[in-house]
Structures are given as structure tokens and as C-alpha cells.
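Here's the structure, in C-alpha cells; my notes come after.
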């Protein structure tokens, strides 16, 4: 905490003046001057030809936080290794300008005259201030006489970057040329081309207007009106100009955006006048988007007693801000030790007295209330800029004092500090900074948008950052993007300005920004504002809709892996492969069981393998086609599914021969029945078809030019060959269907014919539906049509042929035994070999062995009797033979 002993007297006499100027000061080896505006003006009621110091009036709440930021920064620097290494300390001497040129000159003279007094306090080596460009220009001219470096934390007039006129002036912010460019970029981003502008009369306002008009004309933005207000903040001086400005705003309703380079007090007067002129009417007519300069963008007092609902939106530009932890801690110490600080800082004492007078609060409440008010009027960007100024001076002084004893008065001259400021790079909170050739530090801007929560106005919410190097904005977070979107519905145009995509049809006698706009026709475009005619697109590779601002490259589209429908189909393909492999593993593990042997044994593995290949071929229908993919997908499916259907055909014929043919022909047909020969012939015919297809007119990738896209798809080459391949599979499937249908009445354990019938019927129906859909479908999803049919076919075979067997193997193990199968065969042989009446049954005598077949005993009678019904020995022998034949045919 700073103690009383660290300060000189709160008042220092200025030589030659009748009265004294208040100053906050602290001793040090190197003194830094501070020039701040703690008041808004001076009392000019006592006019006299005699030179006199006019008293300051109207406390300016924003000035005190800036001065306290400087004091805190110096205290922090004095405790840093940078100062301890050279064994020096920094002091300060802070004076008030009262926002008045004459008072600012007196304050500057006070600082420079003390430098000429040998027996007086140490001279000022550098000056920080002022906040106003008008005052900074005046102060800079005076300080240049002795080349005392001046660093401003908020004076942004472009003229101050002219080093031929202000060689000792520097600043830790960018100049207004960048701020006006940022404002124009914001206007352009929202297509606000018809705007008003209000400035103050002075170098700051006129310079801002000139640069704004230059940038605006480059972006095609027109100024509907411009008003200049007196620089004074006394209402009597500005009332007439405020009234005219308010009338102009209300008479120009199409100009919904107003740019303001004024002070906070001016905006307060203007808003109040707008309220007065709309009294008795809806004040919504006064609602605008107010683009605020750094001069008042963080002053919540600007709107007075009004709310944002009354005046509209306020979007402001502020200087970049930094970490305020140190300054907030300083304010907390100030709150805890108010007496120590006010005794040595007359400006802080005036602030507390003003607060006590206006609020009437008790002393015990003053400290907390005062600090809250200081935080309210604290500008984070200005605080950070002030800290940067102190850090720059400290770094420059440290570089000088490394080679000399700076404790000796006169060992350091201001011009040497100025030279070091130009040469040295300084660091603040881990980031390095350096003044450019204009004496500026160009960090960019923070963009704030005022918001209102009930009765509280938030003015420090940063919604975006502006980057000088590329003239662009970056939103700080998602919520700020949403906040900015609230401005998109606001239109500020004279007449619908010709945006890119339109061409200009100028009307005589109107403003240059007021004309009729016509849309460019299809496949024509205009890529600039207010073009006289539209340009043509390259029809082969580009397109444009009506009213387009550019030719859009035709997008290459195909059935991509990212397509949601493709993902679903790929998921089913992958699932099918996984299920097929699991079934194959289960059948290999249970290869010796009756169910697996009845399902075809090794033949079932061939079917499963062909299904895996078929699923893989389906995956080739997804992705950007290439020549190999186009050829492989059809050939793989054609051959693999032919192999699958051929195996099913062999399986169907085998079961049909075992159960349906006359026993006299069974032996002859069994010799002709060669499964692998049949399969090989069937597959070979399909392979031959595919080879001919690939050689004569093979599928290839092809790009179709559409109106807006380039469709990458496979051209099947010969649709005749494509049809022959699918037709051949359909013929095999139809033969399987006929044979399976004939053998549908089989034992329960051998009901594959029913499933084969259903699977082949499902295949035939799906592919019959495929034909009209495939012929009528065009575009990206054409490959998906065939892919869907392939998956239906595969899942039909997998579900009908293998899932029932898996169910028996896993959950009906009692049916997967030879005994169960023999009993089923006996029942079938009884039904098909010997007719029975409704009320009689045949009781056979069977041996305990599951493999034995009952035979007639030669010594037994030739006829068995049961309830009056008789069965001959010959019938029993025929039944036994049939059972034996069935067991052999089905390989049990």
C-alpha cells in the first residue's frame, strides 16, 4: 500500500501564476508527467482581459481511473527486476487539463518549467497523455520544443502520426485511419450503404470524417448526411446544433445507421433531443444503429435516462484490452485505505467530495461506492494502453541507466529517453511491443455491442476483434456471433443498392447511390457493386443462378461415403459380412452334425463365401467411381451370386432326387448328378459373359454435365451385356424356384425347399422391381438402387438358408441328432410308402439301434394284425428300403 510519505504535497505552485494547479505527485529518480482530464470544462462566466486560471467544472468520472492506472503501473514497475537491476525508481507528477486547451497549455508549461529549475524537483523525462486528440496536439507542439517524449493512451487523430510535425509524440494505440477503415468494413459486412455521420468540430472530428469518406467511397457506401457539433460540451454552446442534427436524423428514415465521432456528453444531448422531438409519438422512429468511436463507446452515461429499447443498437470500437487483475487489486487497496490515498491525491479527494455531495452517502459507505463507480467508468482498453505507456518508458529508462548513474540529476535528458523509446522493444505480461515508424502500436480493436439486462447497461462485452493486417473481424465466441446476428435484419440503404449479382440501371437526376437494380440472368453474373452489365460464365465448368455475384464451379457429386443413405447401406453390408462369417464359423465348428450335413456340408461354405464376395461388391457402389471400380463391382457381383445360386440349385436337386423321384430311376439319376460339375458349368457361363462384356464394351467412369453439377457415375458400357448377366442369374434362380417348389413337402428337418422357394421368389421380385426403378432413376442415388437389391438378395439367402439351421444348432440341439432325423425319415416314409386310414396307424417294430432298419422275420407270420388292419411283409420291406435310401441320399 502507498503511504503518505511517498508523496509530495498535493498542490504545487506554478511560477508566475496567480493561483496554483492541483497535482498528484510521487518522488523518484525519473519523473513521468501525467496530463489527464479530471473535469469536463472550465467556468468561463468571469470573462476578463487579465490572464487567469479559470476554475474547472463538472467532474469527469472517466479521467480518474486513467490516472490511477498510471499510478498503479508505476508502483508495479518500481517493484520489478527491471528497475531494481539499475537501482532506480520512477516517480510521477499528474496535472488536470479540465478538457480545456488553455488549461492544458498551463499544465504542460508547469511540467516543462520545473525542468528548468535547478533547485526544484527533478525534471519530467516523459509525459503520458492526453486522452483527447485536440489537447494532445496542443501539448505535443509545446513538448516538441524540448523533445520531451509524449505517449498518449487514447488520442487517435491521424495528424499525430506525422513525425515531421510531431516528432516527440507517440501512442500505444492505432490512429483513426484504422478505426474508420474498421467502421467501413463493419458497414460493408452488413450492406449498410446509406449512413449518416456526426463529428465534433476539431482536428479529431475533421480528420475522422475525411478518412471515413475515403474508405466509404472505396466500398460504395454513401453518406446521407453529416453534421458537425461544436467541440464544447456546454449545452448552451451545442444546443442549436443538436436540435438541427436530431431533425435531420428523423427526416432521413432510410439512414438506419449513424456513425459518431463525438464525446459522451454530445450523445447525451442528442438522445435527449431525439426524445423531445418524438414526444407524443412512438420513439421507435428514432431507433438507429449507432456506430460509436473509441471516444464514447464505453461510456454508459451517454444514453442518460433512456434505454436501448428507445435508441436502438450501439456498436462500439475500443482499444485492445489486457489483464486487469493488477489494477483491480489496486482499486481494492484504495477501497480499504481511502484516507491514505485521498490525502495525497487531490483529484481523488475531489472525487470523494463530489460523490458525497451527489449521493449523500455515509463515510462508511463512500469507499465501496466510489470504487464501484470507478470500476463502472473504467475503460479496459484505456487502462491497458496506459500500462503499456508506463512499461515503454520504464524499458527505455532502464536501457539508458545500465551505462550510467541515473540517480544524479541531469544525467538523463528527455531526448535520450525519446531516442530509446524508438529503439527499444518492451514487454508487458509476456508479450513484446515496439513503436512503428509513425510512433504507433497497432494492435487492432475490440468490437463491443451494448446490451441491457433489466435496468443495467453492459458496455464492456467484447463480441469481435478487428485485425488491422487483413481488415477482418473475428468473433470471440458463439454467443457473440448470435449477438451480431441481431443486426442482420436492419437495412440502411437509399434504394436497393446494386449488390453483386445485379447490374445498375441509373436514373437521371438522382443521388449516385439511388438507382434501380436489375438481376443478372441465369449463367450470368456481376462480381462488383454497381456494375453496368453482367458477365457470362463458362457453361462447361461453371454455372450461376439468377442474380448471382459469381460463377459457381459445378460441384462434382457422386454417391459418397459421407452420404447418410450410403452409411446405412454400408452398415448393412458390413453387418452382412459379419453375420456370414459368424455362420461360416458356426458351421465349421458343427460340421459333423446332421443339420450341417443336411445343409450341404462343404457346399454351404461355398455359398457363404460367395455371399461375402457379393457383400463386398455392394460396397464398391459407394464412393467416387473409377475405371477399375466400375468394372469390378458388376463382375464381382455377377460371378459371386451365380456361384451362390448354382450351389443352391445343386442343393435343391440333391434333396429333390432324394425325396421325389421314383426309386427305379434314383440310381441312374444319382450317377448323372455331379454337383461340382454342374456348379462349374453354371459359373463358367457367367464368367464367359463377363469376359466378353469387359473386352467388347466394358463399364467405365463417366462425368455427366448437368445444369449445376458434374455427376460422376459408372457407364455400364453395354446394357445388353448387363442385362444378360442379370438375366442369367434370374434363369438359375427361376430353376431353383421351380425345383424347390416341387419339393416343398419334405420332412420337418428337411424343409429347405420352402426356404429356397421363398428366397428365390424374393430375389426374382426384387430384381423385377429393380428394372423400372433403375431405368427411371437418375442422379447421385442410381448406384444405391442396385446396391439395395443386392443387399435384399443376400439377406434373403442368408436368412432363409442359414438362420433356421443356426437356430436349431444353438437353441434346438435335441433336433440336431441322428435319432431325430431318423424318426423324421420314418414318418415321411410311412406317409409316402403305405396308405393309412383315418383311424389306424402302423406300428413298426424297430431295433434299439438308431441305425437299424426293421425287417420281416422269416419264421413270423406273413401278416401283422392290429385292430383288424393288416400289413404284409412285402410292404414292410419296401418301407425299410425307402428309409435306407433316404438316409443315404441325404448323407446322414
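Placed from the backbone N, Cα and C atoms, the Cβ positions cover glycine too.
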Give the range, chosen from 505-527, 528-550, 781-803, 804-826, that TrEMBL lists as transmembrane segment.
781-803
From the ranges 445-468, 469-492, 565-588, grab the one TrEMBL calls transmembrane segment.
565-588
Candidate ranges 635-656, 833-854, 855-876 [criterion: TrEMBL lists as transmembrane segment]:
635-656
Would you kindly check 719-743, 755-775, 781-803 and say which stretch has the most C-beta pairs under 8 angstroms to the transmembrane segment (635-656)?
719-743
Under 8 angstroms, Cβ to Cβ: which one of 565-588, 600-623, 676-696 has the largest number of such pairs with the transmembrane segment (781-803)?
600-623
Six or more residues beyond either end and a Cβ under 8 Å away: which residues meet both conditions relative to the transmembrane segment (719-743)?
634, 638, 641-642, 645-646, 648-649, 652-653, 655-656, 659-660, 682, 685-686, 689-690, 692-693, 696-697, 752-754, 756-757, 760-761, 763-764, 767
Looking only at residues six or more beyond either end of the transmembrane segment (676-696), which have a C-beta under 8 A from one in the stretch?
606, 631, 634-635, 638-639, 642-643, 645-647, 649-650, 653, 717-718, 721-722, 724-725, 728-729, 732
If you average the pLDDT over the domain 'G-protein coupled receptors family 3 profile' (565-819), what number do you get?
83
